[in-house]
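Peer 1: Just dropping this structure here.
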Amino acid sequence: MEKKVRGLRHLMVTVFLSGMGNFIVIPGITDVTMFALCPATDECSLAIYLSAFQQAMIGVGTVLMIPLIGNLSDEYGRKALLTLPMTLSIIPLAVLACSRTTNYYYAYYAVRTLTAMVSEGSINCLSLSYLADNISDSERASAFGILSGVSSGAFVCATLAARFLSTASTFQVATFVSTLALVYMRIFLEESRPDQVDSMIQPMLKEGEDIIQKDGNAPGKMPVFKKIPSLGDVICLLKSSPSFSQAAVAAFFASLAEGGMISSSMYYLKARFHFNKNQFADLMLIDGIASTISQLFLMPRLVSSIGDRRLLSVGLLVTCVNAILYGVAWSAWVPYAATTLSIMMVFAPPSLRSIASKQFGPGEQGKVQGCISAVSSLANIIAPLIFSPLTALFLSEEAPFQFPGFSIMCIAITLMIAFIQSLRMGSHVSADTDKNNSNSIQV
């Protein structure tokens, strides 16, 4: 398996550079937002609500776009479809690279909202599909973990850079690295199409509609607009496998919690403990180092001994504990201690993707990963609508009772639901996986 992963080094470099370009701005974006909207304050409801609205709008776009992009990549190749989101992700970074004044911030806000509807999650979805094209299902969980480890490594390097760069330089470097990632991908990454992979499994979605008859005998491909997945296609895919539908439910609640943390945690820490860019960077650095070590070295060994389903449950349970510690944090050191749990929290996403991937053949990986990403994006629409108002309320003087971390505790409850759902997956995963293993030809 290590040899196969080394053969995908250009994909790994692309993911690393693209991730670094996007991650490097995360520690400073809260301060940029607060400075543009509510200068000289540590609590700003306007910033919370605007961020929540942006997250919800991006979620709406990705629910519609990621299944389409994943489906089209099954037909036209992963590299061809990667070009679009990687190009769009550069534009908002370039806006703030010019200036961070209020007018430029609003321009960034509008541009990022529009471009992220296509780019958010698409690069990850297509990278996972590319990997699934080239790795057998028995080794896929480890490979997904390694890919996530590369992304975490990019996160560590980006956070280190952000820790020492000025805010202006941060966005300029982010623009350059994202552009470099696009150029590298176009030059070095080889195209990958499912039709290059031998498979005995026929497509699950509308089998009869994917081809037409020409001259009564030879099948030909449908026009592009016929490849756009409908809601019925997604529902059909969800119903096709009990394990896949249960994985989708777990993905929904896990992503609902993740979206809640994204929309709430930084504003919570800034209001509660007066965190700034450097302290956010320190937290992210701890998280990134722990995640990288775990995904590159620990997870590949554990998945072979205990399986991806158990790793999923462990990851979700530990993530729940992390949220509880954040919610009841009584001192500024508690979030730092809670962040060290990332060494086990990172088991959940690649394990979930692996479980979903194993239920279908190579020619369907774009659809599968796109469907899971769409479910996650749907959760990201709902999360800010629920958790951002809760966060703003309990950080304000109008809170019904004194509990600044109440919204974070609600996120912990959501994670517990995802954990319970993961425990119910055991009876189907092994059966479905064995069935697919008997019908698939390993790459």
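Keep in mind that glycine also has a Cβ here, set from the backbone N, Cα and C atoms.
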Peer 1: Under TrEMBL, the annotation transmembrane segment belongs to which of these stretches: 80-97, 170-187?
Peer 2: 80-97
Peer 1: Within the same chain, where does the transmembrane segment (311-330) have neighbours whose Cβ lies under 8 angstroms from its own Cβ atoms, ignoring anything closer than 6 residues to its ends? I mean 6 or more beyond.
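Peer 2: Residues 141, 250, 254, 257, 261, 265, 268, 272-273, 299, 302-303, 337-339, 341-342, 344-349, 351-352, 355, 405-409, 411-412, 415-416, 418-419, 422-423, 425 contact the transmembrane segment (311-330) from elsewhere in the chain.
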Peer 1: May I ask you to check whether the transmembrane segment (46-68) and the transmembrane segment (143-165) make contact, with contact taken as at least three Cβ pairs under 8 Å and only pairs 6 or more apart in sequence counted?
Peer 2: no
